[in-house]
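Enquirer: Starting off with a structure, shown below.
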Amino acid sequence: MMSTTLFKDFIFEAAHHLPHVPAGHKCGRLHGHSFMVRLEITGEVDPHTGWIIDFAELKAAFKPTYDRLDHYYLNDIPGLENPTSEVLAKWIWDQMKPLIPLLSAVTIKETCTAGCVYRGE
């Protein structure tokens, strides 16, 4: 068997503010991002299908979570009252891991140059 990691990227638009930053910090003000979420799946490639998981299955599994995030104010979502990239990555992990047991990482990029990776540790 061949262990492989695949990924699928999703983009959503959302607003937030970070309530626990020092007074005057720019992230304490309401602002928005074009967030990129990358879901990584690691497992054995099925010898018959040639894949670990169908990308369509991954997309369908993420859709309810995507719909809760896209064009919303993240601070209003239970569990995202302090929606840093780190908190958001773990929150998405917690939504997705029961649906996609082979989930191995969630990456969040809030800008082109800044983000984080959560691996369920």
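Residue 1 is the first one shown; counting continues down the chain.
Cβ from N, Cα, C; glycine included.
Pasting the feature list from TrEMBL:
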| type | residues | note |
| --- | --- | --- |
| BINDING | His16, His31, His33 | Zn(2+) binding site |
| ACT_SITE | Cys27 | active site, proton acceptor |
| ACT_SITE | His71 | active site, charge relay system |
| ACT_SITE | Glu110 | active site, charge relay system |
Enquirer: Closest to Glu110 (active site, charge relay system): which of the recorded positions Cys27, His33, His71, going by Cα position?
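Expert: Result: the closest of the recorded positions to Glu110 (active site, charge relay system) is His33.
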Enquirer: Just jot down the residues in the same chain as His33 (Zn(2+) binding site), at least 6 apart in sequence, with C-beta under 8 A of its C-beta; none if empty.
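Expert: In sequence order, the residues whose Cβ lies under 8 Å from that of His33 (Zn(2+) binding site) (at least 6 apart) are Glu13, Ala14, His16, Glu110, Thr111.
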Enquirer: I need the CA-to-CA distance for His31 (Zn(2+) binding site) versus His71 (active site, charge relay system), whole Å please.
Expert: 12
Enquirer: List the Cα distance (Å, whole number) between His71 (active site, charge relay system) and Cys27 (active site, proton acceptor).
Expert: 18
Enquirer: Please list, in sequence order, every residue of the chain apart from His16, His31, His33 whose Cβ lies within 8 Å of the Cβ centroid of the Zn(2+) site.
Expert: Ala14, Ala15, His17, Cys27, Leu30, Gly32, Leu74, Glu110
Enquirer: Return the residue, from the listed recorded positions His16, His31, His71, with the maximum count of other C-beta atoms within 10 angstroms of its C-beta.
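Expert: The largest 10 Å Cβ neighbour count belongs to His16.
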Enquirer: Sorted by position, what residues of the same chain at least six away from the residue listed as 'active site, proton acceptor' have a C-beta under 8 A from it?
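Expert: The residue listed as 'active site, proton acceptor' has long-range Cβ partners His17, Leu18, Val21.
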